[in-house]
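Features reported for this protein in Swiss-Prot:
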- Ala2: N-acetylalanine (MOD_RES)
- Gly26, 29-32, 43-44, His46, 48-49, Gly75, 130-131, Asp133, 161-162: GTP binding site (BINDING)
- Thr31, Thr49, Asp72: Mg(2+) binding site (BINDING)
- 41-54: motif 'Switch 1' (MOTIF)
- Cys220: cysteine methyl ester (MOD_RES)
Amino acid sequence: MAAAGGGAAAAAGRAYSFKVVLLGEGCVGKTSLVLRYCENKFNDKHITTLQASFLTKKLNIGGKRVNLAIWDTAGQERFHALGPIYYRDSNGAILVYDVTDEDSFQKVKNWVKELRKMLGNEICLCIVGNKIDLEKERHVSIQEAESYAESVGAKHYHTSAKQNKGIEELFLDLCKRMIETAQVDERAKGNGSSQAGAARRGVQIIDDEPQAQSGSGGCCSSG
């Protein structure tokens, strides 16, 4: 059943397509998180992402179909200048740090500033402390991380790609927030300005019936 006040776009027979970008330093486990979520795979060896990789996931959340396009970006310093290419038109951003690495948490703050500067408050932010399987080696306090996330309007999560903890909850909650944001835009679009607010973020609201098999084409709306 559509959420109250969700409008016509939340009705049955339609799908949302959202773009999500993962940002963070190298070695914090961004690729491991995405592979665990999309393919339920985990590799103990470090996987280095060169520039960016792209995966998709289809979901049904409360009767609403969601097509996720997930961009996993490189963490190495030499690739940071490419960030705007990948997070442009994103509906959500997952900013990952390693709970055993204080510097990786501080670098997340730089990404938050950049995203807010480039995309304003229209993007849904998640700050994620990964590798909680190494809790005994933690160097980032839970209170500090959660307080910071709240101060910048983000939600904070803890995950372990190795143990498959917290990842489903992270993506599910982010999807719900992106749907809510899109619905606010739909309600605010006004007479005759169809999907104007959603278009600002690159949200695609698709009539599934004539293009039920074309979800992959609608996933990658990077403008």
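Here the Cβ of each residue, glycine as well, is placed from N, Cα and C on the backbone.
Here the features listed in Swiss-Prot are placed on the structure.
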residue : record              : DSSP class
Gly26   : GTP binding site    : coil
Thr31   : Mg(2+) binding site : helix
Asp44   : GTP binding site    : coil
Asp72   : Mg(2+) binding site : strand
Lys131  : GTP binding site    : coil
Ala161  : GTP binding site    : coil
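In sequence order, Ala161 are the binding-site residues from Asp44, Lys131, Ala161 with a C-alpha within 10 Å of the C-alpha of Thr31 (Mg(2+) binding site).
Considering other CB atoms within 10 Å as the measure, the emptiest surroundings among the binding-site residues Asp44, Asp72 are those of Asp44. Here the motif 'Switch 1' (41-54) has a mean pLDDT of 64 out of 100.
Long-range Cβ contacts of Lys131 (GTP binding site) within its own chain (separation 6+, distance under 8 Å): Val28, Gly29, Asp98, Val99, Thr100, Ser160, Ala161, Lys162. Checking each of the binding-site residues (Gly26, Lys30, Asp44) against Asp72 (Mg(2+) binding site), the C-alpha distance stays within 10 Å for Lys30.
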